[in-house]
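Feature annotations, reproduced from Swiss-Prot:
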- His60: O2 binding site (BINDING)
- His60: nitrite binding site (BINDING)
- His89: heme b binding site (BINDING)
- 2-141: domain 'Globin' (DOMAIN)
Amino acid sequence: MADHDLVLKCWGAVEADYAANGGEVLNRLFKEYPDTLKLFPKFSGISQGDLAGSPAVAAHGATVLKKLGELLKAKGDHAALLKPLANTHANIHKVALNNFRLITEVLVKVMAEKAGLDAAGQGALRRVMDAVIGDIDGYYKEIGFAG
């Protein structure tokens, strides 16, 4: 619970512009981990140079951050939010668990820069995401997805 609160202290800066911050997160993810772009077939027609300014990338990034905000605000009581997300990410998108770890590291960096997330908050975000990823892993196992 305390970890969620540490992260939520800075969440207002993220909420203030979900599209810009979400676009930043996804673009950094694609730049730092180019293989992750393959998980987003709807961006396949966008050249690497045009990804940064793409409204589609920003919109999807906003969706990601809004869902993360819901998970943070649930403060660990997130089964109703997380189970359907795990289901779609396993059955439709085929997202391996490691990709959630990769985006976590990008989130930590972006929140440090854009929202003032300090070292304690960064550790808190990593711990929260570790718990979320652990729960996703449990759901993946339930449905037989080797993520």
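A Cβ is built for glycine as well, from the same backbone N, Cα and C atoms used for every other residue.
Because the structure is a prediction, the values reported are computed rather than measured.
Classification of His60 (O2 binding site) by DSSP places it within a helix. Looking at His60, His89, the binding-site residues in this record, the fewest other C-beta atoms within 10 angstroms of the C-beta turn up around His60. Cα to Cα, His89 (heme b binding site) and the residue listed as 'O2 binding site' are separated by 14 Å. Helix, strand and coil counts under DSSP for the domain 'Globin' (2-141) come to 117 helix, 0 strand, 23 coil.
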